[in-house]
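Asker: Quick one: structure below, then a few questions.
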Amino acid sequence: MARWWPILSVLLLCCAAAQSQDKLEGVDVEEVCADRPADEYFRLDTEGDCREVYRCDSAGEDGTNRLAPIRCAGGLAFDVERQLCDWKSNVKNCDVAAKPRKAKPNLKTDEPICPDGKLSCGDGECLDKELFCNGKPDCKDESDENACSVDEDPNRAPECDPTQCALPDCFCSADGTRIPGGIEPQQVPQMITITFNGAVNVDNIDLYEDIFNGQRQNPNGCSIKGTFFVSHKYTNYSAVQDLHRRGHEISVFSLTHKDDPNYWSGGSYDDWLAEMAGSRLIVERFANITDGSIIGMRAPYLRVGGNKQFEMMADQFFVYDASITASLGRVPIWPYTLYFRMPHKCNGNAHNCPSRSHPVWEMVMNELDRRDDPTFDESLPGCHMVDSCSNVASGEQFARLLRHNFNRHYNSNRAPLGLHFHASWLKSKKEYRDELIKFIEEMLGRNDVFFVTNLQVIQWMQNPTELNSLRDFQEWKEKCDVKGQPYCSLPNACPLTTRELPGETLRLFTCMECPNNYPWILDPTGDGFSV
């Protein structure tokens, strides 16, 4: 059920057709809406069928507040904690009117309340500034951990300062749209990244071989490349090993891929360490990737884990994250480093973007414009994964989506165009696969479009090179030629169990020796563990 709630929250919230005025009579709207966020839904009472909620809307006369009613569809109830509609059996807080109100610290006051270097808790207690938003409540009212967003954290990263941020290690710009190296757009290669999330196995290997058949070459003579964010369960590691041999980038998408989104957005440092460093350990061992090239990660459900995730990444030498989305804008955003503050709003991702400074690149996911006819259609919210563009239902629509978004990037600042997929979507209709291949071949007919990995984008940004010099761009030549034969033609199909997944026998396909147990979160090597 959990994997359906993001869809339910959008599809199944419907406006109440007729609202009983009786319920609103005698309600002091200004009092109800005082200090309440405009996007918070709440109940006026806990009687009735648990379907009806309200939010404060300042669109009344003279900008006054009014209550906007929302009603879940039949059979559903509203969960005030998760702020969405769900099946009634899953909602356990029908007797609660609103989300608990958390105490906020007094960060903005006319006169200083505390001495230098200290800040005021909500109850007036003064504590050292460093204790605010450190993941552990220090104020008696716990308010020091309740204002920690990218814009509120008192210890947040500073805004971009180009004089202090220089390539190759640091890149930022005020609004995220600046081209690295100050190169004119016409001299910038239009990079396109094709990425896939999930397990690599017999269900999708044929698709990958079809798209990356070795015959389609970038203008520098190297075959086109993709990036694979690999999750562990059901992955065939001999296939991952061969993708790596052929020059594609292997990154990690977690070990367990737990289907509770809150597990990811609220994950501890140790959770992220076990999931991502553990996943990398498994891939390195069972796909025999020994060159230290697994340096990127993407969070399941794109639920970013805030500062904890990025602290772990820096400690474990992950170079980049590819989970943060940027809302559809007039000009797309270039990837950036997180030494300085993010140049765009924290969009989605449970609003848990990193607020502090981190030595990590963000391969930002620019939302795609999914309108069928952008010159005529009214604006629609963008979509980050191609398969989340829910209005695309035919090959023809997919083809228009690809070309329109290519033109948006190509005709502005040529920020890399990310096409992010789950393989099952491309396989759901043959016409989707055919249109993607047709698009790739059409783009390769130009001399300024390159299909590259996420790491290759960063390598170009660290050493911005004009189009006319790209044929000899050394960093893109390293993975140019496919060397050797597959490591094994018949991998071991190891039937394994683990105490962590009782009752399950799972096959681990690998060219390496079979481990004793199925690798899992407490035992990523499969060598066994003691309780």
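Heads up, the Cβ atoms here are built off N, Cα and C, so glycines get one too.
Small disclaimer: the values here were computed from a predicted structure and weren't measured.
So TrEMBL lists the following for this protein:
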type: DISULFID; residues: CYS114-CYS126; note: disulfide bond
type: DISULFID; residues: CYS121-CYS139; note: disulfide bond
type: DISULFID; residues: CYS133-CYS148; note: disulfide bond
type: DOMAIN; residues: 30-96; note: domain 'Chitin-binding type-2'
type: SIGNAL; residues: 1-20; note: signal peptide
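So where do these features actually land, and what's packed around them?
Answerer: Using a 10 Å Cβ-Cβ cutoff, CYS114 (disulfide bond) registers 17 neighbours.
Listed in sequence order, ALA103, PRO105, ASN106, LEU127, CYS139, LYS140, ASP141, SER143, ASP144 are the same-chain residues at least 6 apart in sequence whose CB falls under 8 Å from the CB of CYS121 (disulfide bond).
Close to CYS133 (disulfide bond) in the fold, though at least 6 residues off in sequence, lie ASP144, GLU145, ALA147, CYS148, ASP153, PRO154, ASN155, ASN307, SER355, each with a CB less than 8 Å from its CB.
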Asker: Any idea which of the disulfide-bonded residues CYS126, CYS139, CYS148 has the thinnest Cβ neighbourhood at 10 Å?
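Answerer: Fewest other Cβ atoms within 10 Å, among the disulfide-bonded residues CYS126, CYS139, CYS148, is found for CYS126.
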Asker: Pull the DSSP breakdown for the domain 'Chitin-binding type-2' (30-96) and write it out as helix, strand, coil residue counts.
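Answerer: Output for the domain 'Chitin-binding type-2' (30-96) reads 10 helix, 22 strand, 35 coil.
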